[in-house]
C-alpha cells in the first residue's frame, strides 16, 4: 500500500528535518551561499549509505543551446531519413500521398514539441508555505508527465512506462544500422558474426564513453550533430544542382500524383504502416526533455532552442523527401526494398561515377548518421532509466539511481571520498543505468541477428521487427497517452491548467488535438488485417504483420503484471513484517543569483520566480507501519479544503508528482516530500 505524508516545517535549530549527528564540515564543498539547514541535510545524506545525493551540473557544465540543438539533430537524423521514405513510397504507390504522410510526421513533431515544452516547464509542481505552486524542470521525458496524469493507482504509471522504456529505450536498431552501413562502405558481405561484432562494439564504445566522461560524450555529440546537419544540407544542394526536371514534371503532375500505380491493391494496414514509418524519423523531437534538468537556464533556453531545432529538421526532411521524388522515376520509386539514398546519390552527384564508390560514400554517410544516434540516445536514455530507478520500483534501485565518479585509479565509485575534494559537480555519470542499457541493447542485438534461419543472411528481418516495435511501443503508444492527457487537462470542466501553462490555451488545445489524432490513427489501424500484406516491410517475408504491435502489447502486459507483483510484494511485507517501503525524494532549489548563477528571476506564467534544482536527496528504506494510514494518505494528512480537480492532485500539500509529498521554502532553497509504500 502506498502512503503519502506531508513533511512538517522543521525547527531551524534542528536543521532540515533530520537528526544532526554532527555539524557540517568547516569548509563545506556544497554550493556557495547554500542555506545551513540544507548543508546539514546534504552532509548527513552523503554519509548515509542508504541515501543518494544527486547533483545537477553547474552552469559551466550544463548543456548550452548548441548542445541542446545537437541532441535534437543527432536523435532526429538517424536511419529514418534514409530508409523510411522508400517504404512509404512503396506502401502508398503515390507521390502526393507520401508527401502528405510526411506532413503528418511534421505535424507530430511540431505539435508534440509544443506539448513537451508546455509539460517540461510546468511539471512537476512544488507547493510553497504560502500555498502558491511553482514548477521546475525535471529530467525523465514522459515519466514525470505520466505520473502527473495518473496519480492513482500508485506506481502504475511508473511501472508501465518504466518497463516499456527499459525494453524499447535502447540503441539496438541504430547499432545494427551502423554495422550494416560499415559493411556497405567497405564493400564486405554481411554475416551474422560480422554484424553482431560491429553492433556490439559501437554499443560498448558508447556506453563506456558516457560512463567515463560526461564532458567528452557531450563534445562528441556536438561534433556528430553538426556533421549530420551539414550532410543533409549537402544532400539538398546535390538534389537541386542535379535536379531532373523531366522526372519532377512526371512525378508531380497534378493529374497523376494522387493516383496509385497500376495493379496495386489498397489496404488499411499499408497506410498505417506507412504512417508509422513517417512518424519514426520525427520521434526524437523530445530528446531535450530526457535531460531537461541538465540544460543551462532551462526556463530561458529550452523552449526556443527545442522549437527552432525541431522546425529546422522538419524543413530539411520535407525538402529531401521532395528531392527524392524529383530525381527518382516512379518505376524505381515504387519498387519494394528500394535503397532510396543510394539511388538518389547515384542519380545526382554519382552520375558517371563507379557504383562501388557511390555505395561506399552512401554507406559512410549512413554510418555517420547511425553512430550519432547511438551516442546521443545512450546519453539521454540512461538518464530516463535513472529517473525510473529513483521511484524505487526496480530491484537495486539505489544503485541504478546513483551517479558514479570514474577515475583510472579507483574505477567507478558511488560514494566519493570526502578527502578527495572536488565533490561538487564532478564528472559523474549514471554508470549503473548505462550498464543496464548496454545489457538490454546487447541482448536485443544478439536476438535480432542470430534468429535468422535462412541460408543467405540478411539483417533486415530482425532489424525491421525491432524498428516497428520501437516506433509503436515507445512512440505511438506513449505519444497517444500524452495527447489524451493534455486534452483532458485543457478541456475538462474545472481544470485550471490554462493558468499554470506557459502556452496560450488555444495553441495548447490545437496542438493536443493534432498530436492525439496523428498518433491514435496508426495506433488503431495497424491492427486491421490486410490479406495482401501478410508480413511487415523489409522482412523478406519472415516477420508476420502483427508481430511488432503484439510485441509492444506483450511488453505492456508484462509491465502491468510487474506492477501487480510489486504491489503484492509490498502488501505481503506490510502484513507479515509490519513494514512499509518508503521513498523520500528531497529536491533542493536555488532561488538566488549568487553561487550557481542559474536561477532566472524573470517571472513565469504567473509572474513567479523560477527556481533551479541543484541537488536531490533520495532515500530508500523500510519503516514500521503505524496502522492508521489509509490508501493514498499518510498519518500526517494536513487539514484544509481539498483542491478541486483530479489533475491538481488529491493532497492539498502536494508536489503533484508521483511519490513526492509536501513542500516548504527555506530561505533560498526548498525541500519537499515523503512517499511510503
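For all residues, glycine too, the Cβ spot is worked out from N, Cα and C.
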Annotated transmembrane segment segment (source TrEMBL; candidates 382-403, 404-425, 470-491):
470-491
Transmembrane segment per TrEMBL: which of the ranges 270-288, 289-307, 308-326 is that?
308-326
Among ranges 341-367, 503-529, 584-610, 611-637, whichever one TrEMBL labels transmembrane segment:
503-529
223-243, 244-264, 643-663 - the range that TrEMBL marks as transmembrane segment:
223-243
Between 96-117, 192-211, 470-491, 503-529, who has the most Cβ pairs under 8 Å to the transmembrane segment (431-450)?
192-211
Sort out for me which stretch, of 96-117, 155-180, 503-529, has the most Cβ pairs below 8 angstroms to the transmembrane segment (549-566).
155-180
Do the transmembrane segment (155-180) and the transmembrane segment (503-529) come together with 3 or more C-beta pairs under 8 Å, pairs six or more apart in sequence?
no
Residues sitting near the transmembrane segment (470-491): Cβ under 8 Å, six or more positions beyond its termini, same chain?
108, 112, 115-116, 118-119, 142, 145-146, 149, 161, 164-165, 167-169, 173, 276-277, 279-280, 283, 497-498, 505, 508-509, 511-513, 515-517, 519-520, 522-523, 526, 548-549, 551-552, 555-556, 647
Under 8 angstroms for C-beta pairs, at least 3 of them, ignoring pairs fewer than 6 apart in sequence. Is the transmembrane segment (223-243) in contact with the transmembrane segment (308-326) by that rule?
yes
Can you name the far-off residues of the same chain, 6+ from the ends of the transmembrane segment (308-326), with a Cβ under 8 Å from a Cβ of it?
68-69, 72-73, 76-77, 81, 85, 89, 95, 98-99, 102-103, 105-106, 109-110, 113, 229, 232-233, 235-236, 239-240, 243-244, 247-248, 251-252, 281-282, 285, 333, 340, 344
